[in-house]
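Taking it in order: structure first as structure tokens, then the write-up.
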């Protein structure tokens, strides 16, 4: 890539601004400024639908070194509203690379900015919280641009599921012998999720967020999965009622990220916005039952408000916090069991499918299978 | 899970003397471990023979044994202390091997000592290549195919040759259980293979070599892994080597984090690393796993693991802020990672993986200039003696900072010197890995080579090559711009160019560039190493500079003292100086100052964020230090800057710092100059009536010969500006002198050569003293065991002096005081004297903390460096006596019956180097320092102390057997007595014909061996070299014949000493050394050699001193 000398401007809603150079597409973009601390995996991050309408700041200072390949996308497109890096690589070096990051950003019209103090920006977001922002190569007056930022909607109250979900169902066949069938509700699903299920013999029916309980039961699935996704879980009433129906139907449930928040709401808990969220691939989460720590990939700005100290009774059974983030005690997982202690459903706030991120939590997909198997057995017994 | 309460006392083993491959990083690890274990309430017993370490300071352990790290001696410590557990994973390969030996001999079981950190089986699985390979190849990980290089384990030359037939050339040889890769390397053909296999089989304690397929040129990575007993595993750091496979990681330029891996590839590597640590069974603690990746298809090979804290762990700790050794010690005593707080954030736990928002580059520092015949090609056998690390917000900035941190004028990229070689020649040179390869890469690019050509020639990843190209592009813009605009200047700084580099591109001075830069407000900001990429607030001010927008230096109220460290370890300036800097930080913090450390050496205790209140990981150049000073002066009051403790590196910045308004405390820069400048120093000596050897300064061979004939041979010749004795030689006649001048191309009229009268048969004496302007405190008087002429850093010495009378000591005291007062010292001064007959000559004076300060401090139980720091900030010696920091009466030269005899012995790196023909480099000692480290032997008598020092430094003196003797004519008279004594002790004496004749006439029974150059006789009589190689010789005494005109020592002596290195046989090259050795052998043979802790020695000394002052009071 030829380094452009096109100036670019990033402005935050509180008026702080950073000048830099254009990177990727030129133009103007708006979104919620958030930072991600992963040192690898920008391709997966950029194509993660959960980043819809967010301007992502990479804290890792040199980005683009391995270019862009045709294999690592987590969805059909780049979702971030804008990309902020300190130093963008002008060459790419990797045997799997097909083009440069800059080329891909331009091709997809994603506005970026580079050569600014990303650490100062990150510290600002840490201290003041995630906030609305803009990147522009056309408006270089911060006073003007900040006015436009203030006209943008906030992330709190945003319902973005419709933006990212599929319009028609897709079936991901099981790899090898099919042992289970699962309905996966696409609230912004990443491709690695059905992939990891398929590797375990699960046939995954990825359904649009508009799917109904009837659509699910008609498939005769062994379990239901709700994916990650963007926006404020407080607005996702349709998903909550769908999940309530699933639980009433006695179908085993597994949820990731947004799917954890929906589960929380279905169980009667509230959700709230974190000051600056958890975004990175180094977050320590403890399984409260075993005491074991897993290093997890995370990308969430909202969290479930559930008590750590005690179980909470629900109409299906006892709900409890199964995982916590060791950095700040944020709820990272929920579990619902019936009176016998049989797990009816569980979910995690973090990303066991990783991509990008460590594979420590992949066992949760095995646990989903165990839960489905246990249900099958009890179902047969019943 | 809380810490273990079933153990209360833990034995920690250090790593012994600093050698190539095992340096001060293990002092850093060990110090952290001792600190943590004591904080946790355990009784810590420490064994380490290296007095220059912080960990052997008596306050870091409950019982500190400065004793040789051999299974025999450690067993004695175990018997005396009865520890419950032994922690062997923090003292490098030395500690690990010792613990393994103690396990195998049943000692640990006998005394009920549990190995913690890593158990015996895990160590075996990690270190035994066959077992490790089987583990790797047997791992089952979804989506990953873990494999190790195809290889064959061999135990004989025949097996090696068979393996070659199977695997094809080139091949890699890896002998088992050797440290730092001794004996390993590439064999490209049968000839090389045979030669290397012989060396490798000998180097391996189990006579075992792994022969494996070549993965030369692949990308190389390392992961630092940490595990606790609950099986929580984290990756602390990923490291990518800029130099592709084929260069030892210790000799490679390395980068953290890995720069050219996608997440999929990184996670596959992470999965394999975690599976390995589990399968090997390192239950608790850190380990290091190395990987190679084929750049064409991504095939990943696991190279090896270290089931212990390593050099890379120290680097990773400094690079991330995650203190691996400290955490390793905590998990070893039972904590789980989630129970341990992350010091830096205070709020989050250690069970996480650090995220970096900066780039770290480490560059090795070599010492090939010290071994001119050594081959500088880099292989899998480590050759560097130190390293510098730098942190920047991009790779190029960090690389440029690291290169200038090396303090080698050839290291920073040179854009100005015209290039005379063509592209092909330069690419050819760049294709050979050697020190300075990256500078050749830059030259090739300047000459017009493309990035692709450089990649093809070097196999350096294209991403890294492009970074170098970008540096060149910015340099060219700086060079070609009509005016140096603010934007361009900022771009130059952002990519890491220094003011001097910009100055040379703009044909101006660095001062001018700095002035312009400051006037434009283009100054670095200081960011923080915080383990978490700013996700959480950092509590530890661990800073690095970068050209960015926002600085993070917090204001403060307490006055600060800046301590300038000593930069990368090198021969002549190593851990001893770091020791003094750390002591200054510790004592000044106690004294109410805010201590600010500036250093760039990742191996040290000084660059631990725990050591000082603030740490700046920065190059020690004028530009970088001025920026740190500027930032700190803006943050609050600065009481002063200490330049006296970090060796020559900070000392030579003193004047320029002062000229720029920086307050230097202690001895003034003018006084420093007075001591360094010969003429001025001569005036000080003359005023005090002190003699110095006669000398002259020559600009040509003829002048030098005139001077030599005037002052008399032998003479010591050296360049007038000299670092660590570089380029020094002793010559005995006109021919040799002419040869020296002809070879010494560095001599110019501006850089004349000094010709000193060399004092034959003199006793050399080293003194460290403290002076506050009114009172002198003699820290210690050391008598060298070798005669004058051998660099003091290479010479064994004893404290107290064993042959000096009280009157000599008094004269030394008076002379030292006169010099300290004459120079104007406020703090420490080191003076070297030579006593020839009755005349005490002054050889040189260094107004700074010397290499021997830690040795003296440990031998006398007085912390000289701490006292020095206090004196520099205004305390008087009287006050320090009153406060207990110095002895209340007398000083380090006062005779105390209860004090031990301390012997320091130097450790040489000769076995590390080969000539390009594969031969050993000469092991002859001279006025140029060659040792990398030192050990201390402590005992009540000289003989035993000396024997311990020999055991600690190279394995020890023989108790009997055959001694080979070959003595230069001038030494024959003096050598007869000790050789005779050797014979009386039961040694069989063999000698060359001339020596044998002399010995026979003196009643010694001698067998004659053929001389080396004669070769083996037709009747099968072996030459001396054959006898040595056959293992028939146990001790070699061979004094050199002096250098001949071509500068090459006589060939015979050279081959004898080389053979001695190969066979690891003690080789003594001076008569004084032989006398000491004979005493040592006598003592060792006379009976049990005991062990005693520093604390016990110090208590006895304190009691005697107290009793003495009581008596004085009673009188």
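Placement of Cβ uses the backbone N, Cα and C atoms for every residue, glycine included.
Note that TrEMBL annotation is computational and uncurated.
Annotated Mg(2+) 2 binding site per TrEMBL: B:304, B:306, in sequence order. As annotated by TrEMBL, Mg(2+) 3 binding site applies to B:832, B:844. Look at TrEMBL and you will find B:844, B:846 tagged as Mg(2+) 4 binding site. According to TrEMBL, the feature domain 'ATP-grasp' maps to B:138-333, B:682-873. The domain 'MGS-like' feature in TrEMBL is assigned to B:955-1104.
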Residue B:304 (Mg(2+) 2 binding site) versus residue B:832 (Mg(2+) 3 binding site) - Cα distance in angstrom: 47
List of residues, in chain order, with Cβ under 8 A from that of residue B:846 (Mg(2+) 4 binding site) and at least 6 apart: B:675, B:829, B:830, B:831
Least Cβ-crowded entry, counting other Cβ within 10 Å, from the binding-site residues listed as B:306, B:832: B:832
Least buried by Cβ count (within 10 Å) of the binding-site residues B:304, B:844: B:844
Alpha-carbon spacing, residue B:844 (Mg(2+) 3 binding site) to residue B:306 (Mg(2+) 2 binding site), which is rounded to whole Å: 44
Residue counts (helix, strand, coil, in that order) that DSSP gives for the domain 'MGS-like' (B:955-1104): 74 helix, 22 strand, 54 coil
Whole-number mean of pLDDT values that fall within the domain 'MGS-like' (B:955-1104): 84
